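**Student:** Heads up, here are the entries from Swiss-Prot:
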DOMAIN    22-199  domain 'EngB-type G'
BINDING   30-37, 57-61, 85-88, 155-158, 177-180  GTP binding site
BINDING   S37, T59  Mg(2+) binding site
Amino acid sequence: MTIVDAKFLQSAQSVNDSPAPNVAEVAFLGRSNVGKSSILNSLTSRNGLAKSSSTPGKTQLINYFEIKFKTKNEETPYLFARFVDLPGFGYAKVAKSLKAEWNKNLTGYLQLRPNLQIFVHLIDSRHPELEIDKNVDEFLKEIKRGDQIIVNAFTKIDKLNSSELSKLKRDYPDGIFLSNLKKRGIIDLQDKITGYLFGN
């Protein structure tokens, strides 16, 4: 199964002004500068689809993208889902500050969106043990429903040497390992998403 089309749908400030929850959604979240926009663009083969903005306020919006998948089934040749680009979170060091870092609306989206199926937590492979990422992982595990999964995807692996990458893979055997620069792991992430959403 491959992505054949991707387009920006809308931005929203909260779950209340989000699109109708009638299509499965995949949420991408991670620290600021983790490479989230680049990964989204590589996944969809659409340069500039997701844009990292330096404009204050822009980064606080939830951005929705409609994704069209081509199947191998003649009866159902296309399937649809949404990728959701969430605001990057900052560098808070205390667990209690997590919900303050993310505004109330973002937390509401993560907890209340009924069609949200996959959390893709993007983590900088050079700093896999940061407290903020551990806090996010714990938070997601707390709110995760039985029909949802968390995917830990490690970005910028081209910055690691071979022994560092081997250790990372040992430490996180279920992780996805990505290099946007060298386009490594992109298909692995796509397969993980489509396998869970559509069973293939």
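Here, residue 1 is simply the first one shown, and the rest follow in order.
Note: Cβ is positioned from N, Cα and C throughout, glycine not excepted.
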**Student:** Through the lens of DSSP with three states only, how would you label G88 (GTP binding site)?
**Tutor:** coil
**Student:** Just counting, how many other CB atoms are there within 10 A of the CB of V34 (GTP binding site)?
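**Tutor:** The answer is 24.
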**Student:** Give me the count of other Cβ atoms within 10 A of the Cβ belonging to G88 (GTP binding site).
**Tutor:** 20
**Student:** Where does the mean pLDDT land for the domain 'EngB-type G' (22-199)?
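**Tutor:** Over the domain 'EngB-type G' (22-199), the predicted model scores a mean pLDDT of 88.
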**Student:** Can you tell me how many other Cβ atoms are located within 10 Å of the Cβ belonging to L61 (GTP binding site)?
**Tutor:** 18
**Student:** Could you say whether, by DSSP, N180 (GTP binding site) belongs to a helix, a strand or a coil region?
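**Tutor:** Looking at the DSSP assignment, N180 (GTP binding site) belongs to neither helix nor strand, so coil.
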**Student:** Just name the most isolated of the binding-site residues G30, S37, D158, N180, going by other Cβ atoms within 10 Å of its Cβ.
**Tutor:** D158
**Student:** I need the CA-to-CA distance for G88 (GTP binding site) versus S37 (Mg(2+) binding site), whole Å please.
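**Tutor:** On Cα coordinates alone, these residues lie 10 Å apart.
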